[in-house]
Every structure is written in structure tokens, then in C-alpha cells.
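Student: So Swiss-Prot has the following annotated:
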type	residues	note
CARBOHYD	Asn40	N-linked glycosylation site
CARBOHYD	Asn74	N-linked glycosylation site
CARBOHYD	Asn160	N-linked glycosylation site
CARBOHYD	Asn179	N-linked glycosylation site
CARBOHYD	Asn210	N-linked glycosylation site
CARBOHYD	Asn246	N-linked glycosylation site
CARBOHYD	Asn317	N-linked glycosylation site
CARBOHYD	Asn346	N-linked glycosylation site
SIGNAL	1-15	signal peptide
Amino acid sequence: MKAIIVLLMVVTSNADRICTGITSSNSPHVVKTATQGEVNVTGVIPLTTTPTKSHFANLKGTKTRGKLCPNCLNCTDLDVALARPMCIGTIPSAKASILHEVRPVTSGCFPIMHDRTKIRQLPNLLRGYENIRLSTHNVINAERAPGGPYRLGTSGSCPNVTSRSGFFATMAWAVPRDNKTATNPLTVEVPYICTKGEDQITVWGFHSDNKTQMKNLYGDSNPQKFTSSANGVTTHYVSQIGGFPNQTEDGGLPQSGRIVVDYMVQKPGKTGTIVYQRGVLLPQKVWCASGRSKVIKGSLPLIGEADCLHEKYGGLNKSKPYYTGEHAKAIGNCPIWVKTPLKLANGTKYRPPAKLLKER
């Protein structure tokens, strides 16, 4: 009677192999069994593939998001996240999102001091949500906020559909109308206004310039202090006065000042607070976001469909259960990374023919 054996590993000169099998004839493949050591098997089946780089693709069976706003032409994802005029549109829902912009990423309207805050993370924060929408109402009345009344500042580099000058829809540049004097820290409460139990992402910031401009705009040329607090996270800033080279955004006039932009995440029903002095950019429209979207670094455009998205190889179709090559983050129905090639071998222990007994 032939014995049934489970073959565990094929021994070759160039690969590790996982094997199973049953008794069969002789073959050049040597396997290691759990109980009988090395035996011969046949029928080796490759289990691994080594991918080649390809275009990123839409993930099969899943809505995949490339740009935050596909219909917002000539807009970076940071433009969309800050709601720059002419960059406001519908963000499609998606279970998977491509992080396609490479640092540093700028936004028009006004020169931003990116390194002072986590503002570069804002587009990626939004990508991590399945559903994202911009509120239709402003979260506070900026013109009548504490320390006002204010007029709302604009930039010639921010034209909108009705005016040659505008500003981000997520913030209001609060410039005192008449009371251009120094002020002690003021506090404004930021209510939760999303209506579907979403996370509320509230964008805010402050403007700073050289001493002359600070005096003209705000009546105070000293560094200003700012604090935000929401969801147990508190952030403090002190503005820089002067020392900025002139910078032009999108063909506008050279600007001597800078803005620092940050955001806070408010959970359902929770109020945030902003403590500020002169030059504050008060929050206006907020992002309401829910669900989860898996984020992976990649590139655009998305071409066709794929089983798996891999940071190094792009779109992959799963032809084998394992792969070798570069190990990196992957999402979807992906093969498993292994260090060396694997193969499945089904074969049998070779039994030499019995010797015939000589007749007497």
C-alpha cells in the first residue's frame, strides 16, 4: 500500500519552496518531509511573482479618489482643502485615495508659512475620509467677532467669480475697521455645525507682516499670540514680525506678509475655542467628514483597474498569492510579500524497483 506523505519544502539551489504532495514516481526535485527527511517529488508550481512598475489604477470594486476635486482645474489639493476661490467643488466619496502630491505643495491667494504648522497634512487628513463636504454656512460671524467690528481682507491673487479680489472660503481675514489698537487676548467659541454626526475640520490661522504693515493694518507692530483648542488638543503660536522676502502668488502683486494656517478637528457636539490678537484668520466654512478611506502614496492619472495598489509598483493584478521584490504599503486584494520565491510541489517518495530473486 502506498503511504500518503505531506511534503514541506523543496530544496533547490536558488529558492525556498513550500510543498504538499502524494506518492508518485521519481523526479529531480528534492523535498524535505516532516518524518522522512529528503525525498523526490514532481509537479512544482510557482507561487510567487516579481512585479514590474505600472500606472496606478482604480481599485477593483472600490471607488478610488485621485485629486480631491477632479473638476477643479489648475488647483492643488491644498487649494481645495483651503477652499480657495475657483477651487471649490464636489469631492467624490471614495474607499481608497491616492496621495499624489509631492512636498512642498503651495497654494495660491497668499504666501503660507508651511513649516510653522501641520497645514500640509490637511489634504491628507481629508483623503482619509470616505465622505467629505464643505458646509453651506459659516461657523461664526467674523465681522462681529470679539475685538471688532472687522472688515474682511482680500487678496488680488484670489479672484472669484464675482470679484477680482477674494480669500479662502474657510477663513475670514479680520482687519479692524476703526479700532486699530493693540488688544489683550480675545476668545471666540467655534460651535459644531455639521448635521450628520461627522467630524468637523475647522481651518483657521493668522496673518503677520513687517512692522509698518502691522501698524497700518492692526495698530500694533508687536508679535501677536494665538491659541486653538479642540478635542483635547491645544496649540500655541507667536507671530513673526518682518523678515519675509517679497513673494508673488499666481501672478498677483508681490506680498511682504505671510499667513500661518492650521486646523482643528471637532467631534460631534464639541465646541472649539480660538484665543487671538491682531491679524487673526477666523474660521468660516468647515469640512464635514465621515467614513474611512485607505490612503496610499501614488501618482496620477489612474489608468484602468487593478486588484491591488502598491506604493512601489502601482496597479497590480493578483496572479500569484505571493510576490518578491520591493516591500511597501499596498491596499486591496494584494499578494503577500516574501523574501525569496516560493513554489508548491506535489510529488511522491521515489521507490526503486524491487530486485528479482534468482531462481534456484
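Heads up, the Cβ atoms here are built off N, Cα and C, so glycines get one too.
Predicted, not measured: the structure shown is a model, and the values here were computed from it.
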Student: To the nearest whole angstrom, what is the C-alpha distance linking Asn317 (N-linked glycosylation site) and Asn210 (N-linked glycosylation site)?
Tutor: 56
Student: Which has the fewest other CB atoms in a 10 Å radius around its CB: Asn74, Asn160, Asn179, Asn210, Asn317, the listed glycosylation sites?
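Tutor: Among the glycosylation sites Asn74, Asn160, Asn179, Asn210, Asn317, the lowest count of other Cβ atoms within 10 Å belongs to Asn74.
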Student: Specify the nearest of the glycosylation sites Asn74, Asn160, Asn179 to Asn210 (N-linked glycosylation site), where nearness means the distance between Cα atoms.
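Tutor: Smallest Cα separation from Asn210 (N-linked glycosylation site) among Asn74, Asn160, Asn179: Asn179.
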Student: State the Cα to Cα distance, in Å, between Asn74 (N-linked glycosylation site) and Asn160 (N-linked glycosylation site), rounded to an integer.
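Tutor: The separation of the Cα atoms works out to 14 Å.
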Student: What Cα-Cα separation, expressed in whole Å, is found between Asn179 (N-linked glycosylation site) and Asn160 (N-linked glycosylation site)?
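Tutor: Here the two Cα atoms are 29 Å apart.
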